[in-house]
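What follows is a single structure, written as structure tokens, with notes after it.
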Amino acid sequence: MTKENLTPMMKQYLSIKEEYKDSILFFRLGDFYEMFFEDAIIASKELEIALTKRSTGANSKSPMCGIPYHVANTYISKLISKGYKVAICDQLEDPALAKGIVKRDVTKVVTPGTLADFDYLKQDENNYLLSMIVKSHMVYLSYTDYSTGELYTTSKAYFEIDEAIDFIADELYRINPPEILINEISNDKINNFLNLSNFYINRIKEEELENIVFNSEEKSLINEIVFENIEKIEKENKLSDLSSIYILLKYLIKTQKHSLNHLNTIIYYERNKFLILDENSKKNLELVKGLNTNTKSGSLLEILDKTKTSMGSRELKKWVEAPLNNKDEIEYRLNLIEEFNSNLILLDDITNILKDIYDIERLSVKISNKNINPKEIVSLKNSLYEINNIKTLLENSNNNLFKELSSSINPLVEIQKEIDSIIVEDPPVTTDDSRFIKIGFSEELDELFEASEKGKNWLLNLENSEKEKTGIKNLKIKYNKILGFFIEVTKANLSMVPDNYIRKQTLVGSERYFTMELKEMESKILGSKDEAFKLQLTIFNKLKDFLVDNIFNIQKTAKNIAKIDSIISLAQVSRNNNYTRPNINDSGIIDIKNGRHPIVEAKFTGELFVPNNTFLNNSDEMIHIITGPNMAGKSTYMRQVALITIMMHIGCFVPADSANISIIDRIFTRIGASDNLAKGESTFMVEMKEVSNIVSNATKNSLLILDEVGRGTSTYDGLSIAWAIVEYIAKNIKAKTLFATHYHELVILSEKFDNIKNLTIEVEKTEDSIIFLRKIIEGFTNNSYGIEVAKLAGINDEIIRRASQILSVVENKENSNFKEKINDNSLVDIQQKSIFDVKKDEYINKVANININSISPIDALNLLNELVKESRDI
Ligand code: ADP
């Protein structure tokens with residue numbers, strides 16, 4: 001295909017496509033968005049739409065597919081969810097008026113990390129675009145939610161590349177951005193990590209980063225406050241490289257092609273100001289996603305999130321993913337929860353009001369893009385009105401904490417008033433169909449609408465008087481866009497048409513006419529209607545400008561409401577689930593009385609969850625080695641301690657009778673076996689990597705939850721590794737640790753180390769089974785009751801019997817080596833005896849089933865012969 005042969009339109013297509021090579025180009029043609037060439041092949045497959053061909057020039061055809069423009073959103077979101085970007089190319093002029101080829105250009109690129117449309121977004125989750133620059137022993141990381149205007153940035157120095165990867169992994173999995181911008185890094189380890197993760201990555205070329213400047217057009221699209229804030233952050237945090245923020249802004253401008261008015265505040269955060277949770281712990285403790293569901297269902301967040309607004313939902317998710325480690329901040333949240341719980345009427349009143357508050361945080365992008373519609377503006381007004389009610393309730397509460405909270409809420413009364421004076425209560429979504437500006441706001445507008453209204457009455461009168469004058473009973477005055485106003489007379493009445501009617505159009509059954517009088521009125525009516533709509537739009541645009549000027553305040557109010565909604569949710573949950581306020585200590589103690597697992601207990605209906613105590617400190621109760629049968633509740637118990645500790649750091653009440661918990665710097669967990677097959681690692685390899693991470697990063701202020709470390713390898717390997725790890729923690733790290741194991745040999749360590757103690761979970765042994773009591777007590781067990789549990793699980797009797805036989809032989813030879821054990825004669829004997837048993841059973845069965853009465857003498861003799869032979873084999 002040579003370019004010369006192409007039609008002019010295809011030339012236009014290709015020159016636009018050239019600039020958006022990494023996107024699927026939606027090319028507007030009439031009422032369709034068309035895709036061509038490679039894009040068409042991909043899109044037809046992914047969207048399951050027909051692939052056709054279109055002539056693209058002399059003797060050439062190209063693959064093509066298309067979708068109607070008015071359903072484009074559905075298809076775009078489908079492509080985005082499958083990991084594509086979509087560049088939308090629109091017609092920039094009215095095709096009817098265009099001379100030659102219609103002007104077209106890309107008006108927006110939809111990418112996974114820059115979504116802003118309510119249609120595409122999950123309400124209760126942020127949608128982040130993240131950028132990262134790794135160079136000269138520094139990682140610079142920034143991320144923004146374009147739909148809300150939030151922008152965060154941080155940096156981290158590192159010596160070893162592994163440190164950088166740990167930091168990057170933790171942040172990426174916490175933030176979970178659907179799209180990432182990153183510089184071209186030469187380090188293979190980082191690149192491997194990024195390639196194996198499933199993030200959507202855009203590489204930014206070195207030359208693009210070298211000298212990032214914004215030209216004047218770009219500058220005009222960025223809110224000035226952003227540059228002031230960047231400068232402030234640069235100074236206050238001695239940030240030497242700002243390119244991670246700049247490339248975010250550049251990318252947003254390039255894709256959105258719109259001013260970024262709602263991006264204003266930049267928050268510099270430091271990771272060590274939060275309780276650090278790595279990806280594994282977040283996953284295993286099911287903080288925001290259930291392990292089985294991979295959705296919110298079954299997670300701690302699901303339990304805690306009773307927020308009433310989407311803004312609150314998103315805020316609370318942030319709280320759960322990044323719990324605090326500052327005592328005062330935690331106490332502040334706890335104080336509020338406590339006060340709300342002693343003011344239940346207020347709590348319920350505010351809860352009810354919150355239900356009526358719209359997602360005004362995400363309106364900010366629409367305000368910025370000026371595509372907010374009248375209905376949404378009224379939702380904003382109504383929400384502010386409700387927010388005002390919350391403010392008043394708090395103000396009138398006679399409680400200093402609530403009064404302080406009240407003063408932090410700005411219900412933006414001026415904005416309420418402005419909207420209220422301009423827009424009617426129940427306006428339409430579109431701006432060009434009907435009137436939505438209140439009567440009385442603009443005299444001029446009222447007059448124009450009145451004139452067009454009057455015109456309508458005049459027409460009605462004219463219709464009646466013409467009917468009378470002409471005697472044509474079914475004469476009608478009608479309107480359409482092409483003819484304007486006309487008088488319609490059916491064929492049967494044509495003889496009665498007077499002379500002053502001028503013919504306009506002939507139809508099959510009727511004729512259409514106009515008169516000079518009608519023509520004159522038409523221009524008056526249509527003129528005033530046109531002008532009325534023009535003026536209405538001008539007024540509306542002014543209101544939109546006013547909102548743009550106030551965008552920052554609207555966002556601030558939204559953020560405050562999100563926080564209040566989150567606190568109210570925690571208060572409601574604490575009350576409904578019987579949680580108590582935890583104490584915070586700085587003496588390294590974790591003392592929980594009758595603690596419960598918040599997620600497991602919620603699943604228990606009828607059956608009661610058995611609560612348990614926990615006492616850990618920095619001296620004699622530092623490490624607990626927990627032995628006990630399978631299924632006794634060891635994992636549940638350990639997770640419960642971690643979750644209660646995390647809940648305290650979130651600033652939430654906890655499921656326990658009482659809890660006194662010290663501030664922890666990090667929680668590490670090594671729970672559950674999961675192959676990371678995508679990374680080509682076996683269960684054991686994954687386990688050892690996790691342990692390695694724990695051992696090198698844990699401090700004496702950390703909490704370690706280790707469940708069956710060493711399980712993925714042979715018994716003696718596993719035991720040795722587990723043993724050495726416990727010793728290392730006891731001697732060197734000195735972190736509070738819960739260590740569940742089936743290596744009962746480890747209980748000996750409590751005699752060697754003052755800081756190690758043994759715990760076990762009580763079971764009651766009956767004759768051939770066990771009953772789980774779920775109570776954790778001091779002591780240990782030297783029996784895993786694996787066979788009993790296997791029996792409870794329904795494994796058949798033959799296997800259970802055989803397993804018991806083998807176990808008794810192996811246990812009796814405890815001190816011999818493995819080879820001796822399996823070569824043991826009695827083990828082989830049992831095996832042979834077992835085969836013998838089976839044959840004997842079959843033999844007896846055969847004899848018992850002989851029917852003496854029906855067998856002939858000759859058959860009886862043959863059978864007897866057979867039986868004698870068989871008996872010799874047994
Ligand atoms: P283990 O780790 O000892 O094998 P789990 O912690 O997985 O045992 O617990 C097994 C099951 O026992 C859990 O799924 C839960 O249903 C139940 N369970 C655990 N702890 C309790 C408890 N404290 N009260 C009631 N049921 C419990």
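Every residue, even glycine, has its Cβ placed from backbone N, Cα and C.
As recorded in TrEMBL:
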BINDING   G628, P629, N630, M631, A632, G633, K634, S635  ATP binding site
DOMAIN    702-718  domain 'DNA mismatch repair proteins mutS family'
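The sparsest Cβ neighbourhood within 10 Å, among the listed binding-site residues (N630, S635), is found at N630. Excluding G628, P629, N630, M631, A632, G633, K634, S635 themselves, the residues of that chain whose CB lies within 8 A of the CB mean position for the ATP site are, in sequence, A740, I761, F772. Each of the binding-site residues M631, A632 was scored by the number of other CB atoms within 10 A of its CB, and the lowest score belongs to M631. Only N630, M631, A632, K634, S635, in sequence order, out of the binding-site residues P629, N630, M631, A632, K634, S635 have a CB under 6 Å from ligand 1. Here G633 (ATP binding site) comes close to V610, I761, F772, R774, I776: these same-chain residues lie at least six apart in sequence, with C-beta atoms under 8 angstroms from its C-beta. Confidence annotation: the domain 'DNA mismatch repair proteins mutS family' (702-718) carries a mean pLDDT of 83 in the model.
Comparing Cβ neighbour counts within 10 Å across the binding-site residues G628, P629, the minimum falls on P629.
Here the domain 'DNA mismatch repair proteins mutS family' (702-718) is broken down by DSSP into helix, strand and coil counts: 4 helix, 5 strand, 8 coil. Of all Cβ atoms in the shown protein chains, 24 besides its own fall within 10 Å of the Cβ of K634 (ATP binding site).
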